[in-house]
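First up is the structure itself, then whatever we jot down about it.
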């Protein structure tokens, strides 16, 4: 033991001294036996000095009583655990360990130990005292680690375990439907921070981050990171020094109410000015601090000093009187020291009969049965202390109601009481009171995000649906007329079967236009995806039938007028239609491959954001698209393939016009004109569509408009040729547009004849 003690003395910077006895031995009643309580407190800290003062008051009251430890003088052996530098950290922890070893080494032997103050320091001493069968009662030190009864079986805290404060915080957050939270925990509360994080997650609350800080840290980066994350609900569990730094940074980053909600999950003082006077941060004035903390929430146990100051304690004085005697102005946390001393005194007093004929002064650290009896008696205690009724659960935890408070004008005032066993938060004031100064609106857990979805204009969609229906009707009329009058000479010469295929292709394209305008605003997601996929299939197949039919028509016309043996018959037409079969087969193969390898899915694309400070809302433009992973690759394949078909149709139409010129009906030229309309539509429409921004209406307007232009013009042209052919199979009055084409053909024919005649003469 001596070796360990000397090793710790030499390990690091520790300070011994300032160890005193209270009351002084000279003032004790010599007719009574001295009963020792060890005390571990950082006396260089204001909290430590206040806890020492209130403990001395309790010792005086107990020693004057004849019904409590009547044959004993209760003596407090005080050891100063203040180390050079910060009150927490390696040096302070080592010193706390050294001082605890002094008691264990018999300097002096104590029945129980009162202290320590800071959590990490207490963890060191509590482990030693539990190992040596010494009951340690702490006035304030609290952590999730210290609640581990296997590691600390003889550790008792007279302040409610902070994990119960986590219950209140979780209840408050979930009741306000906040679903995203950030946590700041100082070293010493890191286990509690992790416990709160796990508890919130189990209640479906997202914890964006758990920030671990220390007193010497600058919290600027932490606060900036929270602001950048967009989280508006922040819970912090820190010591007073870090508290003063945090609230200053909150002001500097404009992160206070009503847009932000801060919850001090271990409020130590009702008056914020206490923090400012003792730990005030030079970067912020008092007025700035008041602005920063206004509306901030705090959790703690019920403050009897504030709410019930006239309550009579076990010592006979009121709580208010005790605070005045001990110089505790506000800050009722120091009063827990009074209850800790009385807890130890009553425990030993109630143990006297149970250990008879043995006595308390016979206690040694080998007497584990003594300590076990102490522990049992603590759990049976019930008295009124300086912090209200003192009782302990079967697990040895202090049983207290919890308080939810809110800062108004620099002071935490009570707004609700939480009963942990029933999980009910009773509001002292109306729930609306919390938000009255802040627009009477419960803040959101993060900046509200609203999506403005870009969709196809309903007016545009209505117009295109109407035009599509008109185009479908025209094509249906064409198909009916060609079927009814197919034996008519003026209709037979226009290849009715081929042109029926063209009409059917136009109908399919018109239906595709309707489906292209359907989005998630006019249908469910599944319907939207189905419409998108169906439109893709119909566009590919419809294009092949319509444009491919025109190509076949041009080829058939050219073949008919250049080969004298060809007759216009159903059999011959069907032979020409066979040309489309390879194209349709290729369409089906590509579409099936696309569907299997990379099927289109509904995806939401998020575009630019705009923040509206007046509404505290981010408005983000979004668009729902039916897209696949490699959509650009599939588009290139389809465009190249269809461009080849269009190119062939383009170069087949002009020779067909030459071949038919002066030999048949001028109506043969109309379908060729529609081919060139399609060419112009493709040359203009495809590049324009690819350069358009993310506007569904613009894309739909351009693509759908050009498709409708081609299909409706084709339907009208076919209808005109049918009606004209039925009226006059060989019309003399040629329309102006066809006349222009005929004149150009005549000019080219004459030029070609001259060139040929000159060639023969030279030869």
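Heads up, the Cβ atoms here are built off N, Cα and C, so glycines get one too.
Record note: among 394-417, 418-441, 538-561, 538-561 is the stretch given as transmembrane segment by TrEMBL. Checking the ranges 601-623, 670-692 against TrEMBL, the transmembrane segment annotation falls on 670-692. Taking TrEMBL as the reference, the stretch among 698-723, 724-749 described by the feature transmembrane segment is residues 698-723. Looking at 346-373, 458-485, the stretch flagged in TrEMBL as transmembrane segment turns out to be 458-485. Your range for transmembrane segment, going by TrEMBL and the list 321-342, 497-518, is 497-518. Annotation: stretch 497-518 has the most Cβ pairs under 8 Å to the transmembrane segment (698-723), among 497-518, 538-561, 573-597.
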